[in-house]
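Comments concern the structure below.
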Amino acid sequence: MKTLAFLVLCSLAAICLTSDASTGSQPASDNPADEGMFVERDQASAVVRQKRAAGQLSLTQLESLREVCELNLACEHMMDTEGIIAAYTAYYGPIPY
């Protein structure tokens, strides 16, 4: 049993040594670390999603904002003069949807 364990350890050591030697022989041009931190625009756009402009709110969403804003008299007054979106944004922050 000890002989089997010794042979397994020796074979693992041999595999590790040969795999380290094969990875060290790559040319410098294939190393991604040498490319730097800048990438082309088309490659970067595949990784980072662009923010989209907010779409049009539906009547149900606007009614929901109106119901929240009606509970505050100042918000309700601003809603009548400036509009529901401006009033909600001023008193409650960005629209959640």
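Each Cβ is built from the backbone N, Cα and C atoms, and glycine gets one as well.
These features come from Swiss-Prot:
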SIGNAL    1-18  signal peptide
MOD_RES   GLU63  4-carboxyglutamate
BINDING   GLU63  Ca(2+) 1 binding site
MOD_RES   GLU67  4-carboxyglutamate
DISULFID  CYS69-CYS75  disulfide bond
MOD_RES   GLU70  4-carboxyglutamate
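Recorded features from Swiss-Prot, shown on the structure.
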residue	record	contacts (Cβ under 8 Å, 6+ apart)
GLU63	4-carboxyglutamate	none
GLU67	4-carboxyglutamate	none
CYS69	disulfide bond	CYS75, GLU76, MET79, ILE84, ALA87, TYR88, TYR91, TYR92
GLU70	4-carboxyglutamate	GLU76, MET79
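DSSP classifies CYS75 (disulfide bond) as helix under the three-state reduction. According to DSSP, GLU70 (4-carboxyglutamate) is assigned to a helical segment.
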